[in-house]
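*Asks:* My structure is below; once you've seen it, I'll send some questions.
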Amino acid sequence: MKADIHPTYEAIEATCSCGNVIKTRSTLCKPIHLDVCSECHPFYTGKQKVLDTGGRIDRFKQRFGVFGATK
């Protein structure tokens, strides 16, 4: 095997926009910023919102529902 061909794998800190700091390891070798993490993501916090897109779906069915009708 060749020596010194692999990038360095160092400990870094990933900081979320909510302020949570996650310590991990990466070949990036510099701190990174995260938009969401498990502390603030709605799926993990249980604060999910159901988006109502029924109006758009009904409008689509009105326009193109005729093409999908069975004969």
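A Cβ is built for glycine as well, from the same backbone N, Cα and C atoms used for every other residue.
As listed in Swiss-Prot for this protein:
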- CYS16, CYS18, CYS37, CYS40: Zn(2+) binding site (BINDING)
*Asks:* Just name the winner among CYS16, CYS18 (the binding-site residues) by count of other CB atoms within 10 A of its CB.
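*Replies:* By the 10 Å Cβ neighbour count, CYS16 comes out on top.
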*Asks:* Given the recorded Zn(2+) site (CYS16, CYS18, CYS37, CYS40), which additional residues of the same chain have their Cβ within 8 Å of the Cβ centre, ordered by sequence?
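*Replies:* Everything else in range on the chain: SER17, GLY19, ASN20, LEU34, VAL36, SER38, GLU39, HIS41.
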